[in-house]
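Enquirer: Okay, handing you the structure first.
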Amino acid sequence: MSYLIKNGWILNENGEKTQADIRVTGETITAIGKLDATDNETVIDAKGLLVSPGFVDLHVHFREPGGEKKETIETGAKAAARGGYTTVAAMPNTRPVPDTKEQMEWVQNRIKETSCVRVLPYASITIRQIGDEMTNFEALKEAGAFAFTDDGVGIQTAGMMYEAMKRAAAIDKAIVAHCEDNSLIYGGSVHEGTFSKANGLNGIPSVCESVHIARDVLLAEAANCHYHVCHISTKESVRVVRDAKKAGIRVTAEVSPHHLLLCDEDIPGLDTNYKMNPPLRSPEDRAALIEGLLDGTIDFIATDHAPHTEEEKNTEMKLAPFGIVGLETAFPLLYTHFVKNGSWSLKQLIDYMTIKPCEAFGLPYGTLQTGQAADITLIDLEKEAVIDKETFLSKGKNTPFNGISCTGWPVATIAAGKLAYEEGRLVK
């Protein structure tokens, strides 16, 4: 299939708007400039639209196998495409866990059969993600593992993490860490702070996260391993990562949209759609995350898309599962709250969602260039709409942003040269 995207505008390296047409042939961008349509290609009229590299999210939970009531690879991929994402990386906290070559091959086949976007599967660090026995990294890499993580739980012993880092470094793969010391959770369901004290809830202290990061950056230095911090959430964690980068340690970090947008003081009542892990932290933590993203301490934005059923979330705060969905709302929320008000440039936001995650992990995506993968998102920066969870393509409706009005919405997504999502008014 061939497409010609006409009349749109792109951002150049300086963040300036430039009008350009883009030709897609097969899975590849084959021309950029002022182009005329040929008889054998489909024209997409992008007049008034930003033509962006497809978004990249290196932290999603698609729940399959074992959690299909919450999400599947197919429904998660559709949600990603609607949100403008063309590449996502799926976490391994499924049942069963992708901890063997055979299970990883099953996941890869399922992706090929059902996904409309590129899905990169993580493999687990430990068997069944219970932290006491290492998986076969070499076999899992051969089966297509993107990187290694036990996301959902932290690796509790330094010895296990150090061994994992040495094995990962030997095969040029990253260790991706959910940073949480179980001895410091204290049965908490929210941040230890204003909200927990006001509502009589056990709180999770900031040091629960930062102490693991402090341990792990030293282990990563010793192992010469690429160490990536998931969903960083505290000012202390930002400080540790900043210092580690200054020391030349191979550490990268991501931050979620919800930690950039909300803090614990924003939680209304006991709404479990505001319960995620790590929890919403203090206003000071939120400010440190924004500063860390802007100064390069934090490398990119990832949603930590974590769908649950409404039945699971419809309970008291201490019993509800952690997690919210984010793929279909990330760009409009961030554009509205940071770009529209002048805090960030449009190019900064686009980079945090495209080239930056690719640079962090050496992926050949995230740009609009001739010869590169045809991963393209068309965005209507003038479109205003209210977030409505009932329109989500994800099975998960667990969002704290339902009813929020946002400007700037993806309206079409091309993933590897195939039209993965469109609103129905663009193709001629």
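Just so it is clear, glycine is given a Cβ too, placed from its N, Cα and C backbone atoms.
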Enquirer: Which of HIS231, HIS258, HIS259 shares the Zn(2+) 2 site with ASP151, HIS178 per Swiss-Prot?
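Expert: Swiss-Prot names HIS231 for this Zn(2+) 2 site.
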Enquirer: Which residue of HIS308, HIS337 does Swiss-Prot report at the same substrate site as HIS61, PHE62, ARG63, ASN93, ASN277, PHE322, GLY323?
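Expert: Checking HIS308, HIS337 against Swiss-Prot: the substrate site match is HIS308.
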Enquirer: Pick from ASP285, ASP295, ASP299, ASP304: which one does Swiss-Prot list with HIS59, HIS61, ASP151 for the same Zn(2+) 1 site?
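Expert: Looking at ASP285, ASP295, ASP299, ASP304, the one Swiss-Prot places in the Zn(2+) 1 site next to HIS59, HIS61, ASP151 is ASP304.
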Enquirer: Across all protein chains in the structure, which of the binding-site residues ARG63, HIS231 has the highest Cβ count within 10 Å?
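Expert: Result of the Cβ crowding comparison: ARG63.
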Enquirer: Using the alpha carbons only, what distance in Å do you get between PHE322 (substrate binding site) and ASP304 (Zn(2+) 1 binding site) once rounded?
Expert: 11
Enquirer: Could you measure between ASP304 (Zn(2+) 1 binding site) and ASN93 (substrate binding site) for me? Cα positions, answer in whole angstrom.
Expert: 12
